[in-house]
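Below is one structure, written out as structure tokens; comments come after it.
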Amino acid sequence: QNTVNFTYPDFWSYSLKNGTEITFLGDATRIPGALQLTKTDANGNPVRSSAGQASYSEPVFLWDSTGKAASFYTSFTFLLKNYGAPTADGLAFFLAPVDSSVKDYGGFLGLFRHETAADPSKNQVVAVEFDTWINKDWNDPPYPHIGIDVNSIVSVATTRWENDDAYGSSIATAHITYDARSKILTVLLSYEHGRDYILSHVVDLAKVLPQKVRIGFSAGVGYDEVTYILSWHFFSTLDGTNK
């Protein structure tokens, strides 16, 4: 499939079934109006040590046997609801092999195993992380941050995410683009009445990921927060660029 194009302007009016449009793994679930990535108790409070993923049920082609590589654009709105201090650990938009599974909770964001998280030879995933916890062991900067991860929890690029945005329980809009010609992955994060954040990095997705991937959202909780995806648009096309 050369082109993938879908839009969920909200999650109120769609009767999503697990595995038909959106696949839920781990603790992720559908609630009225949102995809909830991590667990809450009967009172709606966050459950610690939780991890979950919500992904598009059809695979996305990143490249083909003729040498074409795909460009893509995705936008989504999310709410990272903070229930007090401390709060951890954040969420990520990811691309991974279609048979990949949800991994460890906390700072691993459901994308990595703790034994191999920092070893690029043991992982196959590219992610844009929105990280609310400082993990010094992984060379995190000393503040909440947006990062680009390539086969490792140790980000190849980061930018500061100001505390009042990261912990403010405000709806954020993310735009992520990948240009197959320049091989530049870019993320723009914005708030309606606040700041904009931008981060870019060169990564050749055709060299680090398989031909077909699973795309979606992953989150891990160490402390008191819950992640909700409120809308999602995605478009990709094999545009003829030689990979």
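Cβ atoms are placed via backbone N, Cα and C, with glycine included.
Copied from Swiss-Prot, the annotated features are:
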MOD_RES   GLN1  pyrrolidone carboxylic acid
CARBOHYD  ASN5  N-linked glycosylation site
CARBOHYD  ASN18  N-linked glycosylation site
BINDING   GLU129, ASP131, ASP140, HIS145  Mn(2+) binding site
BINDING   ASP131, TRP133, ASN135, ASP140  Ca(2+) binding site
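Feature map: Swiss-Prot annotations on the structure.
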| residue | record | DSSP (3 states) |
| --- | --- | --- |
| ASN5 | N-linked glycosylation site | strand |
| GLU129 | Mn(2+) binding site | strand |
| ASN135 | Ca(2+) binding site | coil |
| HIS145 | Mn(2+) binding site | strand |
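The two recorded residues ASP131 (Mn(2+) binding site) and ASN5 (N-linked glycosylation site) have their Cα atoms spaced 28 Å from each other. Proximity note: of the listed recorded positions (ASN5, TRP133, ASN135), TRP133 have a CA within 10 Å of the CA of HIS145 (Mn(2+) binding site), given in sequence order. Looking at ASN5, ASN135, the recorded positions in this record, the fewest other C-beta atoms within 10 angstroms of the C-beta turn up around ASN5. For the pair ASN5 (N-linked glycosylation site) and TRP133 (Ca(2+) binding site), the C-alpha distance works out to 33 angstrom.
Rounded to a whole number, the C-alpha distance linking GLU129 (Mn(2+) binding site) with ASN135 (Ca(2+) binding site) is 13 angstrom.
HIS145 (Mn(2+) binding site) counts 24 other C-beta atoms within 10 Å of its own C-beta, drawing on all protein chains shown. Ranked by how many other Cβ atoms sit within 10 Å of their Cβ, the binding-site residues GLU129, ASP131, TRP133 place TRP133 at the bottom.
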